[in-house]
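Step one of this worksheet: look at the structure below.
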Amino acid sequence: MTAVVPETATPLVRLTDAGKNYGNIIALRGVTLEVSGGEVTCVLGDNGAGKSTLIKIIAGLHEHTSGSYEVEGEAVHFSSPREALDHGIATVYQDLAVVPLMPVWRNFFLGNEVRKGLRMDIGFMRETTKKELLDMGIDLRDVDQPIGTLSGGERQCVAISRAVYFGAKVLILDEPTAALGVKQSGVVLRYILQARERGLGVIFITHNPHHAYPVGDRFLLLKRGQSIGYYRKSEISRDELTALMAGGAELEELSHELESAGGASADAAKILGEEVHDLGIDRVSTKEAP
Amino acid sequence: MSSTLETRPGPPPPAASDERVARQSPLSRLLARPEVGALVGAILIYIVFFIVAPPFRQPESLSSVLYVSSTFGIMAVAVALLMIGGEFDLSAGVAVTSSALFASMFAYQFTLNLWVGVAAALVFALLVGFINGYLVVKTGIPSFLVTLGTFFMLRGLNLALTKAVTGNVATNDVSNMDGFDSAQKVFASSFTIGNVSIRITLLWWILFVAIGTWLLLRTRLGNWIFAVGGSAPSSRAVGVPVNKVKIGLFMGVGFLAWFMGMHNLFAFNTVQSGGGLGNEFIYIVAAVVGGCLLTGGYGSVIGAAIGAFIFGMTNLGIVYAGWDPDWFYFFLGALLLGAILLNSFVRKRAEAMR
Ligand SMILES: Nc1ncnc2c1ncn2[C@@H]1O[C@H](COP(=O)(O)OP(=O)(O)OP(=O)(O)O)[C@@H](O)[C@H]1O
Ligand SMILES: [Mg+2]
């Protein structure tokens, strides 16, 4: 397991030693990351590891406070998400960034309204929203209903299909499968693969190694705001990834702790240890793998 | 930029008749519109005064009601848009007077054509709106507080500056100055239809309501107004220029405050420096009665117009009915409460459509 050697071709997005402080809280420190076209980079880590902070820098929501950020070789300092969007970087935020009281179609096109002269082309936007959501397997009754009335998963699908629709070069997904059922998760993973085939760079944040491993080309592991590993797929196995990840690592720790206590705890530790192992091999849908 | 992705297992074909849609009746769809409560209220109030106040039935009375409604309704257009955008402007009432004072004294003191004063007042009013908006978006302090500050500042400025310049509580009569006649035609003339005299502010009101509604429902800017009021962080995240929209909305209030100031100036020829006080609440009442949510993100310009019409009807209807006008504010408060209750009911329905 060695670190990825930087490529010679200019990547779409390159963070070098990037860091972010919120006042005196260091949320992210010294993270290096590259995303090239036709490549999926997975970012993995515990809750609070700094994953969202990382993608908020790339998406232009926050400015990095140290290190450098380059888009297609050009150093950038985005002061608003608009600038990132104008560079073709679209994001699905963890909180989805939707306006609950607004109709679904208005949310879908918010910030990217299609216009006919001065007016919005409402017919086109309605139909497109309906169609894009159907493609995701979401059959909405009515694209005019406030998005706040959709279920959490449906809302997530709207946010994802919106980013897929507008993401020209780089697509960022912050835990897109967290609230989704099996079928929609499958669709999201397929979207990620299709985006890769179209030559987009994808940054995929997830807690689930079974979602990450099949679609990812590179894996960045974060812990307490720092990078604890950056691997190509060839350099890491699914089991190793699972063990390194949030959950896996913790379970292992937990298992060791229980083991040292002896007695009944040792049995529990055994079960936990098996679980850690099982997590890596079972329940993996290999058909998602490229 | 559009790229349609194919999914391998085809999506379920859209059912011709979706069994889940049937539950939503056309009535509940109508009820989900923000202005429907105000419309029902307006019809009821109209019927009540039609029955109890015989003078109310005269066409001239309707014309007077519409005039009073328009003087508040024009401001309510901008105030409603601002409220949908998630902000308040408590300085809106005195800003009307400030604009009128500014135009009048500027032209009078420098013996200029009144139109120069009118133009200078426009710059002034837009600047006040800009400052309000800029302070709100840059400091993040609630607009309620920021504009409370500018409200007091303008109020003091109106009184003090007028006294300093004219030595009086009102400005000098401008009716003999250059440009008065043409300006009066634009801002404060009237015309007759049949034998009913109609004030030109009614036409301006209709025009501003039409523009405001079109802007809100049909343009990108309208989408952004709903969005910044509904959730500013989400709007920013998807690339909406939140600060610009909000500042623009405050400047919209400034623009219409200027317009109403010009109406007052050319309708009365002189401006009382203490005027306009308390009107900011009536604009807000009109917007809320018309279905605007105090928390932003929801509402309608037509609703605010209906709200202003309700205000005008009640204001004059009480007089026509021969009741003690002191009751007016009691009714106004009751109306506001009723509207808020109705709106929260309607909105819960709208949100619970599924
Ligand atoms: N606006 C903020 N102000 C202060 N601290 C913040 C802010 N946003 C995040 N943090 C802190 O930065 C750290 C990283 O947060 P971040 O949201 O990036 O975690 P995450 O890896 O996305 O977690 P999760 O898996 O729960 O989404 C956390 O400790 C969090 O408390
Ligand atoms: Mg997160």
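Note: Cβ is positioned from N, Cα and C throughout, glycine not excepted.
According to TrEMBL, the protein has these features:
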type	residues	note
REGION	B:1-21	region 'Disordered'
TRANSMEM	B:36-53	transmembrane segment
TRANSMEM	B:65-84	transmembrane segment
TRANSMEM	B:115-135	transmembrane segment
TRANSMEM	B:141-161	transmembrane segment
TRANSMEM	B:196-217	transmembrane segment
TRANSMEM	B:247-269	transmembrane segment
TRANSMEM	B:281-311	transmembrane segment
TRANSMEM	B:327-346	transmembrane segment
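Highest Cβ contact count with the transmembrane segment (B:36-53) among the listed stretches B:247-269, B:281-311, B:327-346 falls to B:281-311 (criterion: pairs under 8 Å). Same-chain residues lying 6 or more positions outside the transmembrane segment (B:281-311) and placing a CB less than 8 Å from one of its CB atoms are 33-39, 41-42, 45, 65-66, 68-70, 72-73, 75-77, 79-81, 83-88, 92-93, 205, 209, 212-213, 216, 226-231, 332, 335-336, 339-340, 343, 346-347. Same-chain residues lying 6+ beyond the ends of the transmembrane segment (B:247-269) with a Cβ under 8 Å from its Cβ atoms: 71, 74-75, 77-79, 81-82, 85, 87, 89, 92, 95-104, 118, 121-122, 124-130, 132-134, 136-137, 173-175, 180, 183-184, 186-188, 201, 204, 208, 221, 225, 275. Looking at B:65-84, B:141-161, B:327-346, the range that has the most CB pairs within less than 8 A of the transmembrane segment (B:115-135) turns out to be B:141-161. Panel annotation: around the transmembrane segment (B:65-84), residues 92, 96, 198-199, 201-202, 204-205, 208-209, 212, 215-216, 225-226, 229, 249-250, 252-253, 255-257, 259-260, 263, 279-280, 282-284, 286-288, 290, 292-294, 296-301, 303-305, 307-309, 311-313, 315-317 of the same chain, lying at least six beyond its termini, place a Cβ under 8 Å from a Cβ of the stretch. Proximity of distant same-chain residues to the transmembrane segment (B:141-161), defined by a Cβ-Cβ separation under 8 Å and at least 6 residues beyond the stretch ends, is recorded for 87-95, 97-98, 101, 105, 128, 131-132, 135, 169, 273-274, 277, 280.
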